[in-house]
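Asker: What follows is a structure written as structure tokens; I'll ask about it next.
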Amino acid sequence: MKFAIVVNINREDALELAQELTSWLQERGLSYVLDSVSGEKTGIEPSMAMEELNKDCDAFISLGGDGTLLFTSHYSVTKPVIGINVGHLGFLAEFSKAEMFEAVEQVLNGTYSIHVRSQLEAEVTMNGGLKHLTALNDVVIEKGAYPRIPTFIIKLDDELLSAYRADGIIIATSTGSTAYSLSAGGPIIAPKSNVFVITPICPHMLTVRPIVISDDKTIQISVEAHGGEFPLNCDGHVSKMLLPGETIIVRKSEQIINLVENKNRRYCEILRSKLLWGHEHQSGS
């Protein structure tokens with residue numbers, strides 16, 4: 001088995017962990033390769049372009065946090081991904097540094113379990129043709145530098161849902177419900193729920209609320225405004241600047257992400273830890 005290793009190069013502890021991991025793999029005669037950016041920063045060989053890793057490797061190891069794992073997921077396709085969190089417990093990167101070798105051994109022995117995560121697909125026009133962008137967490141359209149409040153026209157399966165006056169619109173998966181959508185007032189959705197959530201960002205009216213829809217719906221979004229350009233973000237990365245009247249289509253992607261499950265963690269435990277639920281009770285006990 002060959003592992004692809006992706007490192008958060010901006011964290012010293014992640015770089016150190018990469019040295020530990022590759023030494024451990026070498027001692028056991030196991031194959032690995034880093035993406036070219038991680039390889040250059042760590043000085044570890046071999047390395048190759050991120051786009052080539054999936055064809056050459058059997059599993060991915062992400063060293064960093066949820067952001068690093070999100071980045072890795074865009075290239076892993078259906079290969080299993082081990083998320084090692086070098087900081088605090090993550091929603092996606094479930095394994096701690098101390099659990100890293102155990103996680104790798106589970107994959108080697110075939111004794112691991114998988115969290116299958118759905119993705120979003122955004123269909124947009126780019127460079128004169130259609131392009132399909134994927135997002136594990138969310139697809140977001142924001143007002144950007146536009147000085148007024150734009151109107152976001154949203155249709156579900158060609159039926160008008162509403163015209164939202166807001167600073168932006170978030171379309172999130174159940175996985176992404178604990179990310180930007182949660183900060184904007186959206187609900188927490190259990191990972192295996194077959195739904196998406198549409199969450200307005202700072203809506204103009206108090207009656208505008210997030211709405212949960214089944215993931216078999218097709219969502220059409222366009223922006224009404226007098227000029228301006230509006231950033232389209234997929235998992236936090238600006239993919240395109242939308243013009244007024246331009247329509248994007250968001251639906252469930254056929255591509256899934258396979259995250260290696262930490263059997264020592266439970267979903268409710270992760271929620272309590274990350275969101276400090278019951279923290280006062282624990283402090284007072």
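Here the Cβ of each residue, glycine as well, is placed from N, Cα and C on the backbone.
Fair warning: this is a prediction, and the values are worked out from it, not measured in the lab.
Quick paste from Swiss-Prot:
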type: ACT_SITE; residues: Asp66; note: active site, proton acceptor
type: BINDING; residues: Asp66, Gly67, Asn137, Asp138, Arg148, Arg165, Asp167, Thr178, Ala179, Tyr180, Ser181, Leu182, Ser183; note: NAD(+) binding site
Asker: Could you give the Cα-Cα distance between the residue listed as 'active site, proton acceptor' and Ala179 (NAD(+) binding site), in whole Å?
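Answerer: Cα of the residue listed as 'active site, proton acceptor' to Cα of Ala179 (NAD(+) binding site) measures 10 Å after rounding.
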Asker: Which of Asp66, Asp167 has the fewest nearby Cβ atoms, counting only those within 10 Å, among these recorded positions?
Answerer: Asp167
Asker: Who sits close to Ser181 (NAD(+) binding site): which same-chain residues at least 6 apart have their Cβ under 8 Å from its Cβ?
Answerer: Asp138, Ile170, Ala172, Val197, Thr199, Pro210
Asker: Name the residue among the binding-site residues Asn137, Ser183 whose Cβ has the smallest number of other Cβ atoms within 10 Å.
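Answerer: Ranked by other Cβ atoms within 10 Å, the binding-site residues Asn137, Ser183 bottom out at Ser183.
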Asker: Tell me the Cβ neighbour count for Ala179 (NAD(+) binding site), meaning other Cβ atoms within 10 Å of its Cβ, over all protein chains shown.
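Answerer: Step by step: centre on the Cβ of Ala179 (NAD(+) binding site), count other Cβ atoms within 10 Å, giving 23.
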Asker: Just to be sure I understand the packing, how many Cβ atoms besides its own are within 10 Å of the Cβ of Arg148 (NAD(+) binding site)?
Answerer: 11
Asker: Would you give the longest CA-CA distance, in whole angstrom, between residues of Asp66, Gly67, Asn137, Asp138, Arg148, Arg165, Asp167, Thr178, Ala179, Tyr180, Ser181, Leu182, Ser183, the set recorded as binding NAD(+)?
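Answerer: Of all Cα pairs among the recorded NAD(+) binders, the widest measures 33 Å.
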